[in-house]
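Per TrEMBL, these features apply:
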DOMAIN    B:89-301  domain 'ABC transmembrane type-1'
TRANSMEM  B:34-56  transmembrane segment
TRANSMEM  B:93-117  transmembrane segment
TRANSMEM  B:129-152  transmembrane segment
TRANSMEM  B:180-203  transmembrane segment
TRANSMEM  B:234-254  transmembrane segment
TRANSMEM  B:280-302  transmembrane segment
Amino acid sequence: MINHSRRRTLAAFAIATAGALVFAGCAGEAPEETEESGPVTLTITANAITGGKNAAEADWITDWVIPEFEAAMEEDGKDVTVEFEPQGVDDENYKTKIALDLQSGEGADIIGMDGIWVGEFAEAGYIKPLSEVGGDAVDDWEGWEQIPEAVQAALSFDDARYGVPQGADGRVLYFNKDLFEQAGLPADWQPESWDDVLDAARELKKLDGVTPIQLNAGTAMGEATTMQGLLPMLVGTGEQVYEEEQWVGDTDGLNDVLDLYKTIYVDEGLGDAVLQQEAAGRDTSFQLFASNQIGILLEGDYFWRSVINPAEGVGTAPMANRDEVVGYTKIPAMEPGSGINGQNFVSMSGGTGRVLNPNSDHPEVAWELLAFMNSADAYEARNAGTLAITPRTDVNDEMLADDPMLTYVSEEVLPITAYRPPLAAYPQVSTALQQATLDVVSGMSVADAASAYADAVKDIAGDDAVSGG
Amino acid sequence: MTTGTTTAPAGSAIAPRRRRADDVAGLGTARAGLFVAPALIIIGLFLLFPAVWTIWLGMTDYRLTGLQAASPEFVGFDNYTDALTDPSFWNSLWLTLIFVLFSGIIGQTLIGFALAWSVRNIHGWAKALIEGLVLAAWVIPASVASFLWLVLLDRRSGTVNGLLGTEGTAWLIDHPMESIIVFNIWVGTAFSMQLFSSALSAVPPSQIESAKMVGASGWQQLRDVIVPNIKGHILTNTLLITLWTFNTFTPYLVTAGGPNGKTEILSVYIYETAIPGGQLGLGAAISLIMLLINLVIALGYVRVSRGRKKR
């Protein structure tokens, strides 16, 4: 039996609960303190995590950026705390996460992202031009003079800077010199055409337990397939994924590339088609290369400086004898001179960088931190861990000489490289290209795969915006 | 053998009821409303609002990024016609039906019953061991179980290949659907087993004894005594398993819908469309179609169970 006072208590409890729920809903929207004198907390996020993916970057942020920046701010009499939110997942998952964060008005103050996402994020209104977020200090920054226009373009969209690039990269063919020696191939290998590559792979096929070549294919690997597989081959045929306001469709070049995939995976079994369909295929290909089971692998310099880097705690598939065993060489065009601009050799480059979150409560301090992360001192500290090609000319001139591989990329590859179009539709076209390679690798004819691809791109961009038949 | 001592409290409990015959709890309409308000708010917030929002989303071209994220346009039923004319949707639905039939209805129900049937006369540690093992599969979090299965089925150093001597077989690539069917049976059979165990223990022993007396074989006992007794349980179990299996997302952790969409059951298809594919509007539309299919399944079972009760 419920007596009167007990009933009143229950009613009060019910009101309180309902009230609490309503207020809980509102609390998040309370206006934030804009006064900068009080303590400020900033957060940085990147797809990097200690002991895992991009470990060197994660360590640099926690061990150098945060303490140094906090100390510098303290000298200025500001109480700033910086937190790092590490991630260590597939790039596609990371992209989804930050898109959802930004969409809901949340997210870290400084967000690391692939340059190719800038277009679609900007169109969605998730990110805004840097000077709009960070104020006048952005355009006055000394760093812009040190970063070449082409590199800045990687984090730009519609002629506006959306972020600060954190590096440039290039793609090469890696090969295992031990396996080459066993197969009677030269250690200073430099193929001149696709046929040269295939011939070497045919020799490697005679070795036991070795996959001769792995050319990234399929949707499981996401953008890695496009960037470290299809696109470098496509530019080798003289075509680009986007030129003269048209996306590549069912063209001769695309058919040639898909034919190459068919030769490697279906006709001659030079590559492991199953590996390309496995959910963790890319990581497995790293492991296999590191354990001398893959002869030739097309990857970016990230593979050298991060994945197989023997330095303590840096690589996810470290090779103790990397410098002796791993060779690298420029990617040949289909035939000498058949590449874009009549080139003999080709490559693709991308860039990652960091953007400011427009939802930041302290955008000006966040910009100070971002500028600090891109100072010459910061890159020098970053390169003390593992060397990477930085966006800053002053730092590169001084530091790259220490690493022959990165010097090679910077001097030989970057001058001949090509970039993906900074358009919002690109990621969708890229997915369609990945599907085309998967179709071929899993047995569809080249003609069918190419026409299915062209139909998909017409759906995305409209009939007029696609070249080829 | 009841004593008269219970009459006094019973009488006092009736007293308020007599005073307000129209209001059992004695709270009054306003207070009663307040009392259920928290529940209504929660239901509205977490059930009604998302449902209405899904319907609205399904009629826009909303995307995760790009221009359509900033200003989605109303496209009416385009998403529904797109989905229903897309072969990959029908392929996904077909895969889902195969998955439900083999892993849910046939696998979990039959194996669950078989396990319950075979341990019904065992007692002591042996029964505890068998039940414990089956339950363990159910209790382990799906994410952990999926890792376990990835290791078991690994192409290069997987346990299954080691045991069967089939080195180099990529189970998840060559037999993806079979793999997730077995995986799902492994994950979910415990529920059916437990449900049937309790159902079997409720079958009157006298009926079984009578059947034995007249010389019925094990099969005849099962058909004529056990099944009629536990029909209701079978129906409930099948309904639950069907809906769970239809909606489960766990196989994604094993195959990620691959290779090339061969295990893209509806839940995975919606996820792939909406989140990595970025087409939130289309994803919402397919979600609603999936919800309707769920409703049809549930109604179908309700009809069957009603028909059963009438007889």
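Sequential numbering from 1, following the chain as shown.
Backbone N, Cα and C atoms are what each Cβ position is placed from, and that goes for glycine too.
Automatic prediction, not curation, is the source of TrEMBL annotations.
Sequence-distant contacts of the transmembrane segment (B:180-203), counting only residues of its own chain at least 6 positions beyond either end whose CB sits under 8 Å from a CB of the stretch, comprise 99, 102-104, 107-109, 111-113, 115-117, 119-120, 131, 134-135, 137-138, 142, 145-146, 149, 225-226, 229-230, 233, 236-237, 240-241, 244-245, 248, 250-251, 254-255, 263. When the stretches B:34-56, B:93-117, B:280-302 are ranked by Cβ pairs under 8 Å to the transmembrane segment (B:234-254), first place goes to B:93-117. Long-range neighbours of the transmembrane segment (B:93-117) within the same chain, counting only residues 6 or more positions beyond its ends whose Cβ lies under 8 Å from a Cβ of the stretch, are 130, 134, 177, 180-182, 184-185, 188-197, 199-200, 222, 234, 237-238, 241-242, 244-246, 251, 262-266, 293. Residues 54-55, 57-64, 68, 72, 75, 79-80, 82-84, 89, 93, 235, 238-239, 242-243, 246-247, 266-267, 269-271, 273-274 of the same chain lie 6 or more positions beyond the ends of the transmembrane segment (B:280-302) yet place their CB under 8 Å from a CB of it.
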